[in-house]
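Visitor: Right, I'll just put the structure down here and ask away after.
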Amino acid sequence: MEKTVKVGLLGLGVVGTGVLEILADHQEKIKKSIGASLVVSKALIRPGEDKSALAKKYNLELVTELEAILADPEIAIVVEVMGRIEPARTFIKKALLSGKHVVTANKDLLAQYGSELVDLARDQQRNLYYEASVAGGIPILRTIANSLAADDITEVLGIVNGTTNYMLTKMVQEHRTYEETLKEAQELGFAESDPTNDVDGIDAAYKMVILSKFAFGMTVTMDQVKIKGIRGLAAEDVSMADRLGYTVKLIGSTIKKDDSISVEVGPVLVAHHHPLASIHNEMNAVFIKSSGIGESMYYGPGAGSRPTATSIVADLMTIVNKMKKNTVGHRFTGYTQPTKITPPTENISKYFLSLEMPDEHGQFLKLAEIMSQAEVGFEQVVQEKGDGAHARVVLITHATSETKLATIQQAIKEKTKYKLLSLMKVMGE
Ligand SMILES: NC(=O)c1ccc[n+]([C@@H]2O[C@H](COP(=O)([O-])OP(=O)(O)OC[C@H]3O[C@@H](n4cnc5c(N)ncnc54)[C@H](OP(=O)(O)O)[C@@H]3O)[C@@H](O)[C@H]2O)c1
């Protein structure tokens, strides 16, 4: 094998630049580990983009046509760090069909078209690696695929979106509002000007789809994930949860029950003593329950130029090792099982409900009746003094099914004048 393995980079933004830095800074160690140098020889940019300073610094050729990389027989691996679905999907397919191995950090693409790309890579006997697509700098996919391969995982809970974790940390610790913390996250560059994918839970859902494949071998589609974000979350409910012994976190979960799984993203009340409650600011963590190891948690930066690029370069090194041994073409994870989603009747949790109700005699009794008819008990109830006309009632239910919870919601809507201010799962007892 050549002593230098050449790489083509698609996109020279935050992560692309990080890849150049990590390769330059750690080249000696890389060479000693894999017995070859890894060099980015060409980078694809948009026509008119000025990246000449980077090209000079890292001694690479800038190109504006994908063909210039695909037709170069010296380039063995393509790294896609442009983001979004198109043209990334087409470019990756073309790269695989041209005989290149591919590394990508693109969670949007993997969550929606992962099977298609994984199958194509396999058909072409090429490797497709994407460690950086989940929790940036935390090596979680490789850990699940390799280190936990012999274990039986039952639960994967993740704080896998740094933007929302930063916002929630500020809401809890500094008693700030959703709007204030979003503005601050945008000013600091954690949140984009259109924060939809972060605050509505979509980004976290992409990552949970990928984690479900690794942990349970199941191919879950985005419409099978129950997704709720933190948009508009009331500061009062975050404070109340704190008083009741819980920290509100945006949790992505994929949980196995018998032979089915439930995949969700939503704001969750996490008990103060649970390890995930201590993950602050923009940091990420993935908490795993398995029958062999028990409980384990993997913590680190979920984004950022160098952490993400470190995962990408580790993927490049894995591919070079496989090229050396002539063992290319295996999937990142070979674990496959029939996909089965847990029905709502079997999906059991405690819930936190925050209600605004008319401050009138008999209102609370009505709530008790609704709960009793649905056969759901109260674990904690707090009534707060309101504005005179309304009272705020917060309750935590006993463990119940999603079906029974839906009955309660329906009855509140049809039989009362209550306003449901927020509804969150409760975990970590
Ligand atoms: N940033 C992180 O911390 C992080 C962490 C984990 C995963 N990721 C993933 O890594 C990928 C890259 O993220 P990033 O933060 O580096 O994004 P970024 O800073 O926006 O960089 C992407 C670069 O690719 C360019 N590009 C897009 N389409 C192109 C095309 N058709 N031809 C040539 N260049 C094109 C963009 O140019 P324009 O700006 O002109 O569009 C931009 O310069 C995404 O999939 C992201 O989800 C990022």
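Think of each number as a place in line: the chain as shown, counted from 1.
Note that Cβ sites are derived from N, Cα and C of the backbone, with glycine treated the same way.
These figures come from a predicted structure and were not determined experimentally.
The active site, proton donor annotation in TrEMBL covers Lys207. Sequence annotations record features per position, and here TrEMBL assigns NADP(+) binding site to Leu10, Gly11, Leu12, Gly13, Val14, Val15, Gly16, Thr17. Under the heading NADPH binding site, TrEMBL lists Lys107. Positions annotated as L-homoserine binding site by TrEMBL: Glu192. The domain 'ACT' feature in TrEMBL is assigned to 352-426.
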Visitor: Determine, to the nearest whole angstrom, how far the Cα atom of Leu12 (NADP(+) binding site) is from the Cα atom of Lys107 (NADPH binding site).
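Guide: For Leu12 (NADP(+) binding site) versus Lys107 (NADPH binding site), the Cα atoms are 18 Å apart.
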Visitor: Translate the DSSP assignment of Gly13 (NADP(+) binding site) into the three-state scheme.
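Guide: Where Gly13 (NADP(+) binding site) sits, the three-state DSSP reduction gives coil.
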Visitor: Over the span of the domain 'ACT' (352-426), count residues by DSSP class, listing helix, strand and coil in order.
Guide: 25 helix, 32 strand, 18 coil
Visitor: Can you list, in sequence order, the residues of the same chain other than Leu10, Gly11, Leu12, Gly13, Val14, Val15, Gly16, Thr17 whose CB lies within 8 Å of the CB centroid of the NADP(+) site?
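Guide: Leaving out the recorded residues gives Leu9, Gly18, Val19, Val81, Met82.
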Visitor: What's the CA to CA span in angstrom from the residue listed as 'NADPH binding site' over to Val15 (NADP(+) binding site)?
Guide: 14
Visitor: Take the C-alpha atoms of the residue listed as 'L-homoserine binding site' and Val14 (NADP(+) binding site) and report the distance between them in angstrom, rounded.
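Guide: Each residue's Cα considered, the residue listed as 'L-homoserine binding site' and Val14 (NADP(+) binding site) end up 14 Å apart.
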Visitor: DSSP three-state call for Lys207 (active site, proton donor): helix, strand or coil?
Guide: helix
Visitor: Ligand 1 is in the model; which of the recorded positions Gly13, Thr17, Glu192, Lys207 have a C-beta less than 6 angstroms from one of its atoms?
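Guide: Near the molecule: Gly13.
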Visitor: What is the number of other Cβ atoms found within 10 Å of the Cβ of Thr17 (NADP(+) binding site)?
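Guide: By my count, 21.
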Visitor: What's the number of neighbouring CB atoms sitting within 10 A of the CB on Lys207 (active site, proton donor)?
Guide: 24
Visitor: Limited to the domain 'ACT' (352-426), I'd like the whole-number average of pLDDT.
Guide: 93
Visitor: At the level of the C-alpha atoms, what whole-angstrom distance separates Gly11 (NADP(+) binding site) and the residue listed as 'active site, proton donor'?
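Guide: A Cα-Cα distance of 21 Å.
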